[in-house]
Amino acid sequence: MAKVDFYEVLGVSKGASAEEIKKAYRSKAKELHPDRNQGQSAAEAQFKEVNGAYDVLKDGDKKAAYDRYGHAAFEGGMGGGGPRGPYGQGADFSSAFSDVFEDLFGDFMGGRGGPGGGGRRVRRRGSDLRYNMRVTLEEAFKGAQKTITVPGSAACGSCNGTGAEGGAEPQTCPTCSGLGKVRAQNGFFTVERTCPTCGGQGQVVKNPCRVCHGSGRIEKERTLSVNIPAGVETGTRIRLAGEGEAGMRGGPSGDLYIFIEVREHAIFQRDGVNLFCRVPVSMVSAALGGEVEVPTIDGGRSKVKVPVGSQSGRQMRLRGKGMPALRGGGIGDMVIELAVETPVNLTARQKELLDEFQRIQAENNPEGASFFQKVKSFWDGMKG
């Protein structure tokens, strides 16, 4: 039978770089993998060819021998004891793709770090949990103690989290001898799979706990008290170590992460550690000056002087009346912005007074006078 060209199998040129060869292999292996082409013998045969080709071309010495002697370099007939390759004695196709196989198919093979990655992974850490918490601006200012109910799992009390009846220790899996993997030989090709007996755990529970059915944990709601520090803002994350999902079979629990959202306030707007408050003032107070009382986030009141001739948008600052910094560093300010109100629902007498005021106010409106002077100049220019 004619032997296939390894470069053609991977779809690369003879001068392809190691990275190009690896990239081509990954693409082919993913496309032809038996778990994705079950029952298709042609795809299985091509998959073997792809791995055989990659086993040679990824290795500098084997590649050099193949480039010089072709397939003869791996047939054991070279008097000089040439390299023995993927089809020769001692060949192990699993090595041909061990460096990328886990990366490609780790999700369903278990991966190096997961249950199917070899080694004894009976005790597994529990998953982390997320809890979204809304707090008021006042709570963010002062800090608060909040009680929450967290759904999730806890260690089984009946088996002490071991998963075995009576708290007995799990036993080494007889199928994989504790490795968590089994190997299947298919001709020249060796495939590693997650052990079907222990699910990659490496150990089995002979008599599963009747309460948790061998998992070592049970579903249970928990009530927790959470300390909300002063200065939190939307997006602040609080970590409660060990308050996440219970671990599997005695493994450590995960963590609980509290994500803070601060509700909008009816009076104050927040920008970091500073607070903004828009305060309405009458036209008379803005013109003559005066004093206005404003609330503060701590529940108190402060009096602010309104300068004579104030316009809408004028800002004044109250030092130290803002929000505290989350991790120290002082307290922000409160910025007061004036909003001059135009009176409505006037009485006849008020209208009369305003009409009189209108007639004599021209010289007292510097911005208005300047604007209309500019308009007049504009019109004069258009006429010219």
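Note that Cβ sites are derived from N, Cα and C of the backbone, with glycine treated the same way.
What Swiss-Prot says about this protein:
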type	residues	note
BINDING	C156, C159, C209, C212	Zn(2+) 1 binding site
BINDING	C173, C176, C195, C198	Zn(2+) 2 binding site
DOMAIN	5-70	domain 'J'
REPEAT	156-163	repeat 'CXXCXGXG motif'
REPEAT	173-180	repeat 'CXXCXGXG motif'
REPEAT	195-202	repeat 'CXXCXGXG motif'
REPEAT	209-216	repeat 'CXXCXGXG motif'
ZN_FING	143-221	zinc finger
Original post:
Does the repeat 'CXXCXGXG motif' (173-180) make contact with the repeat 'CXXCXGXG motif' (195-202) through 3 or more Cβ pairs under 8 Å, each pair 6 or more apart in sequence?
Top reply: yes
Original post:
Taking the centroid of the Cβ atoms of C156, C159, C209, C212 as the Zn(2+) 1 site, which other residues of that chain lie with their Cβ within 8 Å of it, listed in sequence order?
Top reply: G157, S158, N160, G161, T162, G163, A164, E165, P208, R210, V211, H213, G214, S215, G216, R217, I218
Original post:
How do the residues of the repeat 'CXXCXGXG motif' (156-163) split into helix, strand and coil according to DSSP?
Top reply: 0 helix, 0 strand, 8 coil
Original post:
How many neighbouring Cβ atoms, not counting its own, are there within 10 Å of the Cβ of C212 (Zn(2+) 1 binding site)?
Top reply: 23
Original post:
Where C198 (Zn(2+) 2 binding site) and C159 (Zn(2+) 1 binding site) are concerned, what is their Cα separation in Å, rounded?
Top reply: 19
Original post:
Taking each of C156, C159, C209, C212 in turn, which of these binding-site residues have a Cα lying within 10 angstroms of the Cα of C176 (Zn(2+) 2 binding site)?
Top reply: none
**OP:** Please report the number of other Cβ atoms within 10 Å of the Cβ of C195 (Zn(2+) 2 binding site).
**Re:** 24
**OP:** Other Cβ atoms within 10 Å is the metric here; tell me which of the binding-site residues C156, C173, C176, C198, C209 scores highest.
**Re:** C198
**OP:** Starting from the Zn(2+) 2 site formed by C173, C176, C195, C198, give every other residue of that chain whose CB sits within 8 Å of the mean position of their CB atoms, in sequence order.
**Re:** P174, T175, S177, G178, L179, G180, K181, V182, P196, T197, G199, G200, Q201, G202, Q203, V204
**OP:** Check the zinc finger (143-221) for me and report the mean pLDDT.
**Re:** 81
Subject >> Pairwise Cα distance for C173 (Zn(2+) 2 binding site)/C209 (Zn(2+) 1 binding site) [Å, integer] >> reply: 17
